[in-house]
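Copied from TrEMBL, the annotated features are:
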BINDING   B:55, B:58, B:61, B:107  heme 1 binding site
BINDING   B:85, B:88, B:89, B:187  heme 2 binding site
BINDING   B:145, B:148, B:149  heme 3 binding site
BINDING   B:178, B:181, B:182  heme 4 binding site
DOMAIN    B:18-192  domain 'NapC/NirT cytochrome c N-terminal'
TRANSMEM  B:20-42  transmembrane segment
């Protein structure tokens, strides 16, 4: 009977030996930006909710076919099969009255490029592509450069002797 | 008809004759007190039906429109000022309130006969119900909005550019009233096909 316990004891001893030997932190730091200063097991206070950017100023697009961001708050805007609050200003017919940007002609086409009478169903849900912005710094940094910047850098480099 | 006329004439006779058994003091004081009780009771009952608690005591309101209100700024916001059902749906001035309350007897009919007692029935009737409210607010120049939102005291410099542009032109000139643009701000919208501006 006592002999049956021997393998288990051995396993426990070996396990302890290995565990004591770990030379990396078990509690790793959290992903960059998401939890500044925190580790995976730590609970950090949630960052405060930021306000929507609401200045009605068009932002630059980073590439020509980027869906433009929404420069105003869209709190409570209903977009479903009953109605689309965005289109009450941005549709072809309503943009003259509201002086809002008309949604582009591509939104009135099916996927074969055929023109439709009304907004295409596949383009109907505005915030699948267009999103409002918050007044915050990006959580994760990036080194993206627009094509204009790259071309300019090239031109500048060529001009130098 | 003749019998009814005779009956009315008899009662008129009683009303015209001076009281035989009751003193003038009893009659005037009794009338006064009875007046207080009846008028007070009427008003108390009226105000009782003019509370959110009363509205959401029916599942038609509690499960449909009230849950939708809870997401909106008229229910929960930074300063904690909120609108309850009667703030928007019942006029605050007495005469208008009584007129609206008489209209609302139709709602009692609807409750008794289950006009919207299921979600499907409610959704089917939603456009019609919404149109009633739009028509009411359009006709009275959005009076219930203006109980709290007073145009005279709007500071356009504190509004977003779009809001200021609209409020200082269409609203200021009276061409448009609140409900023309602000539909579906407290509840979800019905099917909006054919509604002007949508």
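The backbone N, Cα and C atoms fix where each Cβ goes, glycine too.
Of the chain residues outside the heme 1 site list B:55, B:58, B:61, B:107, B:54, B:56, B:57, B:60, B:62, B:85, B:111 have their Cβ within 8 Å of the site's Cβ mean position. Same-chain residues that are not part of B:145, B:148, B:149 yet have a Cβ within 8 Å of the Cβ center of the heme 3 site turn out to be B:142, B:144, B:146, B:147, B:150, B:178. Around the Cβ of residue B:182 (heme 4 binding site), the same chain contributes B:145, each under 8 angstroms and 6 or more positions distant in sequence. Residues of the same chain lying 6 or more positions beyond the ends of the transmembrane segment (B:20-42) include none with a Cβ under 8 Å from any Cβ of it. With all protein chains in the displayed structure included, the most crowded Cβ environment within 10 Å among the binding-site residues B:149, B:187 is that of B:187. Note: the CA-CA distance between residue B:149 (heme 3 binding site) and residue B:181 (heme 4 binding site) rounds to 15 Å. The binding-site residues B:145, B:181 differ in how many other CB atoms lie within 10 Å of their CB, and the one with the most is B:145. Look at the binding-site residues B:58, B:85, B:88, B:178 and count other Cβ atoms within 10 Å of each Cβ; B:58 has the fewest. The secondary structure of residue B:181 (heme 4 binding site), as reduced to three states from DSSP, is helical.
Sequence-distant neighbours of residue B:89 (heme 2 binding site) (same chain, 6+ apart, CB under 8 A from its CB) are B:133, B:144. Of all the binding-site residues given, namely B:55, B:61, B:148, the one with the smallest number of surrounding CB atoms inside 10 A is B:148. DSSP assigns residue B:58 (heme 1 binding site) to coil in the three-state reduction, placing it in neither a helix nor a strand. Taking the Cβ of residue B:107 (heme 1 binding site) as centre and 10 Å as the limit, one finds 16 other Cβ atoms among all the protein chains shown. Between the alpha carbons (Cα) of residue B:187 (heme 2 binding site) and residue B:58 (heme 1 binding site) lies a span of roughly 17 Å. When averaged over the domain 'NapC/NirT cytochrome c N-terminal' (B:18-192), pLDDT in the model lands at 93.
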